[in-house]
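Notes for the one structure printed next.
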Amino acid sequence: MKNIILVGMPGAGKSTAGVILAKVLGYQFIDSDLLIQKREKKLLHEIIATEGLEAFIEIENQVNASIESEDSVIATGGSVIYGKEAMEHLREIGTVIYIKLSYETLSKRLGNIKQRGVVLKKGQDLKGLYEERCPLYEEYCHYAVDAEGMDAEGLVEAIRNLIFTNQEFMV
Ligand SMILES: Nc1ncnc2c1ncn2[C@@H]1O[C@H](COP(=O)(O)OP(=O)(O)OP(=O)(O)O)[C@@H](O)[C@H]1O
Ligand SMILES: O=C(O)C1=C[C@@H](O)[C@@H](O)[C@H](O)C1
Ligand SMILES: [Mg+2]
């Protein structure tokens, strides 16, 4: 089976649901954010603080574009969507699933976004980020899953149903 790649806003639950999904499928679990930290030998927020947003986006682009894996669930960082090479590569090595949540739910879940090390341009707030990114997640994903009102296990079940009702996950 090919890889399953989770994309979506920060706080959508990609890492939380991704590791559970990997367990129930008997897959490996890869968190792109951890690959970035390992390569750079720095925490994500330190990379953003010392090297800036554009450099972080390029590092994230390169790291995701170089993932070589099979039978893995890959939880990406929310900003991976700005990396063209990364998204093209991820679409080639697997099926990209967008975990979709309303702005209201995300804003309750995230609290103070500025403390979270999110790729936020000067003057941009969560609403602006949401409006900028949602069309990109929609554009690059193969499937979207509406995660509204679901806990992590419910979301895993919804993704499992999607996988087992669509043959292309099996090739
Ligand atoms: N289905 C859910 N319902 C409620 N809270 C959740 C759910 N999934 C995750 N959370 C909580 O939301 C927060 C963010 O989750 P998580 O780190 O998995 O998001 P993410 O999509 O991986 O974000 P990032 O893009 O920053 O890596 C955590 O505190 C987690 O416990
Ligand atoms: O959505 C974002 O802008 C980010 C999400 C995290 O997963 C990290 O990739 C990083 O902190 C940026
Ligand atoms: Mg994550």
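The backbone N, Cα and C atoms fix where each Cβ goes, glycine too.
What TrEMBL lists as ATP binding site is Gly11, Ala12, Gly13, Lys14, Ser15, Thr16, Arg116. Annotated Mg(2+) binding site per TrEMBL: Ser15, in sequence order. Sequence annotations record features per position, and here TrEMBL assigns substrate binding site to Asp33, Gly78, Arg133.
Location within the structure of each feature annotated in TrEMBL.
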residue : record                 : DSSP (3 states)
Gly11   : ATP binding site       : coil
Thr16   : ATP binding site       : helix
Asp33   : substrate binding site : helix
Gly78   : substrate binding site : helix
Arg116  : ATP binding site       : helix
Arg133  : substrate binding site : helix
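Gly11 (ATP binding site) is 8 Å away from Gly78 (substrate binding site) when you measure Cα to Cα. Across the structure, Ala12 (ATP binding site) and Arg133 (substrate binding site) are spaced 13 Å apart at their Cα atoms. Under a cutoff of 8 A between CB atoms, and with a sequence separation of 6+ in the same chain, the neighbours of Arg133 (substrate binding site) are Met9, Gly78, Ile81. A sphere of 10 angstroms centred on the C-beta of Ser15 (ATP binding site) encloses 18 other C-beta atoms. For the binding-site residues shown (Lys14, Arg116), fewest C-beta neighbours within 10 angstroms: Arg116. On a Cα basis, Asp33 (substrate binding site) lies 11 Å away from Lys14 (ATP binding site). Close to Asp33 (substrate binding site) in the fold, though at least 6 residues off in sequence, lie Ser15, Leu44, Ala75, Thr76, Gly77, each with a CB less than 8 Å from its CB. Excluding the listed site residues Gly11, Ala12, Gly13, Lys14, Ser15, Thr16, Arg116, the same chain places Gly8, Met9, Pro10, Ala17, Ala75, Gly78, Ile99 with Cβ atoms within 8 Å of the centre of the ATP site Cβ atoms. Proximity to ligand 2 at the level of Cβ atoms, with a cut-off under 6 angstroms, picks out none of the binding-site residues Lys14, Ser15, Thr16, Arg116. It is Thr16, among the binding-site residues Gly11, Ala12, Thr16, whose Cβ has the fewest other Cβ atoms within 10 Å in the structure shown. A Cβ distance below 6 Å to any atom of ligand 3 is met by none of the binding-site residues Gly11, Ala12, Gly78, Arg116.
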